[in-house]
């Protein structure tokens, strides 16, 4: 029996061996249903999270082995080998006590192994240590099939995976891991007999619940793993303490063989090293605009290697709980590391927990308190009270805060408008506001809103109310005029008042004589006819306006009736007869004198004829390379050499007869009796009806430079010769007329207006019909497009361009020869090879006409041959028309224009060519040489100390200068009068301005300010320094005396601790001597502040309004930070300036605009240059940066003194007028303007000024040669190269 039982047991044992169930170290091949998959590593977590269970995961798995005990995973225990998780939705099962559990199934490694007991709780940790149960958080935002960092081992021993917890310490982060217990797999074979042969604990069971601590060393960014609660643990053949060191973050160490003396056999575990916690930092990403209803937190990583640390394993969660414990959980799926909560309450405290999960386990947790921003206040309800004529009271109840806003409004914005809107910012402690300065009898709309100032200003909804002001006294009538239609009747007319201030319109006329009432009229229009008055009587007419409620002040005019005409008839008849006789006698005497004078001239010409050629000098032509030196040599000693040359040229060459012009029937066609054309080259017109005099006109053919009869020099047409003039234009086929005079100069008639006006359209001159098609006014000239047709010819009309130069002064010559070079460019643009001669005329047709022709011809010679013979050409001109180039100053002007052109060339650029031209000018070829733009800048004269500065450097005036290097020149400084003359509103204007003008004004006071020519000559600008505290009164006095309309302020009041401009305005009224200044309004834009001032003088009746534009985006840098804002401000302030007058005195002492910065140099100069360039671009479609800057440098020291500023002017114009398809597109001034500086570091030139102190030696030595000036200049100007501008080359765009 015993033997039989033993044999049965032995057979059963072999059967077990045959099924490979009991072989140590072997694992049966898993079935498809139980195939192992990647497992999610569970990272440290301070709070337990709910576990996931799936339909494919049973709650527990039984094993066959020693005792066949059943083991269930507890919280904190995670098996290495997991079944494939179903993608179906998870169910969350919270564990008791708030700890979440998750159950996994695994194929058994060895059926004889006994699982370790429970381990479902976290081991106790050291202070600051957080032990995290190895469970997947119950957040559906994270998929259950998260990729794992560990796989099951195919080795003989079972594979185990660690669970992780973290501890923050000063030297690094300690991470603790619990290993899961070994799992068994239930056999599919029916159990027969369980044999327990184990005498020693298995290593799989011992290491199943092992705790692994990860200690982070921030110094080398590695981890050290420590197997807790196991003594003498062996990893392979070495102690685990020596092996598990210097582990890289996010690394995977698989199949580590671990064993111990008290267990067998050895097993393997996998380690999943987490990332370092110091790689994460929490930041607030809430937009200010949404800060009242949103919270946004963003985790940022630093030096985290995502090639090792898969970003898919890192998740971010944000929990925010308000005071009412409502829990809000959001996750931004588009930006995983950013979490944002919306639709929150304003001004509410939230406690937010921001977490990072590594493979679904908390790695980092931050708890912060966040308060949302203030909410939008409630809309106040305004009430418009009973208005008066010019004010009303607006009141409103104090608004109650909305539930989501915990604070009251911080202020209110009240706006009211009739045609234009004005707004006032009010504090939050007011509930009413009196709106003043309203217009009577007008409809107004008031809007009111409340606002709070949180992170940004939040405005509530505006509520409106309306009111209508009451009537008030009307203004006086305008333009009252009186006239006498008959000897004893008076017509009285007037215009309506500026403001009627009432519902109706009545005009009242009261007539008085000798203080007694005569009569009274009432009418609805201001046209009164008063008759039946006494003859030769003085009357007083009073006209007032009545608006139905009030009557305005009366306007008074005095008028007298005439004598009775019938009583004077006999006397007048007698007087007419006597006057006629006397007039006939005078005319006969004049005729007789002219006849005698003509015969005397013929005799004189015959006497000097043989001496004409002998008095000429031998003057050599001048080569271009010595043109400047030759000019300086001849202009020296008050132009002695020029005078000698000019006086050697005969005024009239007597060998050429002048008989036709002296014929009796032609004498009335000559404007001047001594300026007549030679017979041999006069222009002959076609004869009309056998009239011999019809062929004559005072005009001569003039040869150009190697081009015969290129010009016709003519006198300015008289009223009697206008028809002949147009006949000459038609017959000579001329297409260009150059007029170098104004019709009237100095109250003298210089030329008849021989063209139709734009209003007239067409005018006939006998058979010639002239039609005007276009009229364009520019500062220095007027261009008119005319069509000329002949009534008797079938040919179509011809296009004729008429160019009138308007900047030639009444006396002398133009100050700047560049003006004539500019005129020449315009003329040559309209002339062509196939057209007839260019007709040039002034008044007499010799002085200015000869000067222009001489400049044009000599420039052609300079360009063709590189040399000029001015003397020889002027002699040639005199041989073709007497007195050509009439005075010495005109002869010198020709040389000056040639020097200007030879030194500086053509610098004007059309807007259509600006972009391509600027692109080429910035190129360097070769790269070591300056670009053409740099070379152009270097050619700019410095003009430093070119005129005297005596007044500003006087001892008593030095303290009035902010910068000793920026002192106005005497010739154009702005003088201040001590006392205003009551009889005149402005000071007398002189025809010229010289250095001595200011010096001789003993009654004038000094202020650091200079007159600067604006684009629209003769209008001026004033460039000034920022006022000092002791000169504020003088500053306002200058504004009043010079009738300034706009002040441009380009500086702050202080720069750091240094005052750069005194605050010359204040609240309320400020008094400065006889001046009273009151700030009426302030409006702030994004780039500037607009203030409105009212100026009153004790000796003047009417106040003046002055506007101040303070640029707030130019903080003292060399260039403005936002150029587009500066352009926008210029466009706005131009609306405040008066219209430019087409005519006026050249040297005009009023300025509509005053510009100042700290010392009136760099920012002021750049602004003035930009202002003039924008006007030129808008008017003429051309810009000339070089000439604009040169003109400003002559007017004030220190302007546009660096290459960067010079290039800025080109760039900003190019940005405002971008090219599109080859055409210039005028863009909105608000478009963004960007600049690319072509030079790394430009050097300032000799014209630059430092904040204070004298010029150094290098600056003194940078002086050069000056621009030519007229001989009456006391000092010569300088021409200075602007230093060596050779910065490192940059890549051209």
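Glycine is no exception: its Cβ is also placed from the backbone N, Cα and C atoms.
Taken from Swiss-Prot, the feature substrate binding site applies to 810, 842, 843, 844, 845, 846, 847, 848, 886, supported by similarity to another entry. According to Swiss-Prot, the feature domain 'Fibronectin type-III 1' maps to 376-472, an assignment based on sequence analysis. Here Swiss-Prot flags 672 as phosphotyrosine, drawing on similarity to another entry. Among the features that Swiss-Prot reports, phosphoserine is placed at 964, 983, 986, 990, 993, 994, 998, 1229, 1286. Per Swiss-Prot, phosphothreonine is recorded for 1267. What Swiss-Prot lists as region 'Disordered' is 43-174, 980-1003, 1240-1293.
Overlay of Swiss-Prot feature records on the structure.
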residue	record	DSSP (3 states)
672	phosphotyrosine	coil
810	substrate binding site	coil
843	substrate binding site	coil
886	substrate binding site	coil
964	phosphoserine	coil
Other CB atoms within 10 A, centred on residue 847 (substrate binding site): 22
Which listed residue (843, 886, 964) has most other Cβ within 10 Å, given these are recorded positions: 843
Around the Cβ of residue 672 (phosphotyrosine), the count of other Cβ atoms that are within 10 Å: 13
Residues in the domain 'Fibronectin type-III 1' (376-472) grouped by DSSP into helix, strand and remaining coil: 0 helix, 44 strand, 53 coil
Span of 810, 842, 843, 844, 845, 846, 847, 848, 886 around substrate - largest C-alpha separation, Å: 16
Binding-site residues: 810, 845 - member with fewest neighbouring CB atoms within 10 Å: 810
PLDDT averaged over every residue in the domain 'Fibronectin type-III 1' (376-472): 87
